[in-house]
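Copied over from Swiss-Prot, here are the features:
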COMPBIAS  181-198  compositional bias 'Basic and acidic residues'
COMPBIAS  225-235  compositional bias 'Low complexity'
MOD_RES   S205  phosphoserine
MOD_RES   S253  phosphoserine
MOD_RES   S257  phosphoserine
MOD_RES   S261  phosphoserine
MOD_RES   S445  phosphoserine
MOD_RES   S447  phosphoserine
REGION    1-20  region 'Disordered'
REGION    118-167  region 'Disordered'
REGION    181-235  region 'Disordered'
REPEAT    326-359  repeat 'TPR 1'
REPEAT    474-507  repeat 'TPR 4'
REPEAT    509-541  repeat 'TPR 5'
REPEAT    543-575  repeat 'TPR 6'
Amino acid sequence: MYQGHMQKSKEQGYGKLSSDEDLEIIVDQKQGKGSRAADKAVAMVMKEIPREESAEEKPLLTMTSQLVNEQQESRPLLSPSIDDFLCETKSEAIARPVTSNTAVLTTGLDLLDLSEPVSQTQTKAKKSEPSSKTSSLKKKADGSDLISTDAEQRGQPLRVPETSSLDLDIQTQLEKWDDVKFHGDRNTKGHPMAERKSSSSRTGSKELLWSSEHRSQPELSGGKSALNSESASELELVAPTQARLTKEHRWGSALLSRNHSLEEEFERAKAAVESDTEFWDKMQAEWEEMARRNWISENQEAQNQVTISASEKGYYFHTENPFKDWPGAFEEGLKRLKEGDLPVTILFMEAAILQDPGDAEAWQFLGITQAENENEQAAIVALQRCLELQPNNLKALMALAVSYTNTGHQQDACDALKNWIKQNPKYKYLVKSKKGSPGLTRRMSKSPVDSSVLEGVKELYLEAAHQNGDMIDPDLQTGLGVLFHLSGEFNRAIDAFNAALTVRPEDYSLWNRLGATLANGDRSEEAVEAYTRALEIQPGFIRSRYNLGISCINLGAYREAVSNFLTALSLQRKSRNQQQVPHPAISGNIWAALRIALSLMDQPELFQAANLGDLDVLLRAFNLDP
């Protein structure tokens, strides 16, 4: 059911109405019989657009709705806004303070009197004028309360208040209100408001009526209403025509339909977001399950197979490996690794594993090489398989901890570092003495590391370093550097890696880890020096070349960054061409970083070449050897 009253005058001087007046309707809603939920309301702002009238000579309306409280009901009751009774300037009327711009009248208010009533003589005088008519709203409801307000214009030019009648019963009918104009006597220079009202303002101001005829005809004819007014003005009841009610009903139905459409659209969008979230959560769970799967069964026949089997489906082998039957593939792979030819090293290690799936050392070097070739996911799978075959492989544990750190699996990184201490003959007694430490032996997932777990593992490493005294264990210092990196203590991590480098100054992987920690600590210039040193030792170290390009981007050296990315891609492709490998292990991360650098250089044609993967065009553009 709808019930509403809309009348607002916007005056130039004294109360002059115009055709572009703003109408504000406060929508109040009630649920249940004989009660009203004052805490649920909908506010709507409606503005008339001048100079564009419809066929019925009604100004076109644009409407926007806003949810005042948390829930929007489907059948609102329209009630006038408290703002309609506010005066912009000083008034002699005694008004009650209003604390909200869109306050809602509650059933506890029997009367809202904002100004003194006008005199009866003035009302009758104005009533006699044909251009100024009064109107009323007749409510048909049983046992309903009635709220009436009157206002008078006095003193300085004011906004003209309105007289309204609210029926709080849910079974009500909205009927027509004509313009109710109250004119007060003026205190200065005797300017009556009736003389300042023009005929254009009377004809330009249009009424907007709302109706919701949901009751049967007997209810409409059998109801009674009372008009409780404390003003001296007389309200004339005007019965609306059936055609007008039908039109008003269409307007109300259109508003309800629009509200329902907005609600349905919101629900559809919400469902889509929830569906996307569930999809990615499921994908994440599947990826984690895949990473933990037993890749090779203990079946002896499966171990002797040379082809790719279902037991090895967690790691994606190259299907056209030219070295699949190469004798001594593992030794040849180690030779290529020393030369810095990472893509070919990967092919030889895969061939060695296909020849002997239980070769833990081949899995170890395959994982380490994949990480250096900027393929972290494949590295994690290979290192996990190595540890399944050889749980005390310390190099694999440390490399796995680094890969977990790079992929954001901080809890798993802590677990791997703790297992490194546990499997190390020199330090495993420390774990036994701290057997009660919480959370150190549980399987972890991709989430921010628990502070208690991280601190517990750091205590183990610090105690082990203290036991060593002046002797520096580079592997222990490397693990300590990773732990400090996880906790964001980059300066302490830098100290740990530098300590390890004092023992292994030619370890290019340590120089790369030092550079990454410097870069994460906002020391990109020093990081460039560390990466450069790593590349001097191992020119084919693709990961360090990629990291160097990232630091160049951070320093604003975009051309140098592009040059490093192209060099890394060229190394991967050159190795493939020499060995006639149709599908090289080229990292998508490098292409993504290359596109970022090219976009920062404002080179759209080169950016398009990067999108197409046209490496030759890019190499020629930067004068690099193919």
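Cβ coordinates are placed from backbone N, Cα and C, and glycine is handled just like the others.
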- Note on the structure: The answer for the repeat 'TPR 6' (543-575), taking Cβ pairs under 8 Å and residues 6+ beyond its ends, is 341-344, 371-374, 508, 511-512, 515-516, 519, 524-525, 527-528, 531-532, 534-535, 581, 584-587, 589-591, 593-594, 596-598, 600-601, 615, 618-619, 622, 624-626
- Per DSSP, how many helix, strand and coil residues does the repeat 'TPR 6' (543-575) have? 30 helix, 0 strand, 3 coil
- Item | Model confidence over the repeat 'TPR 6' (543-575) (mean pLDDT, whole number) | 92
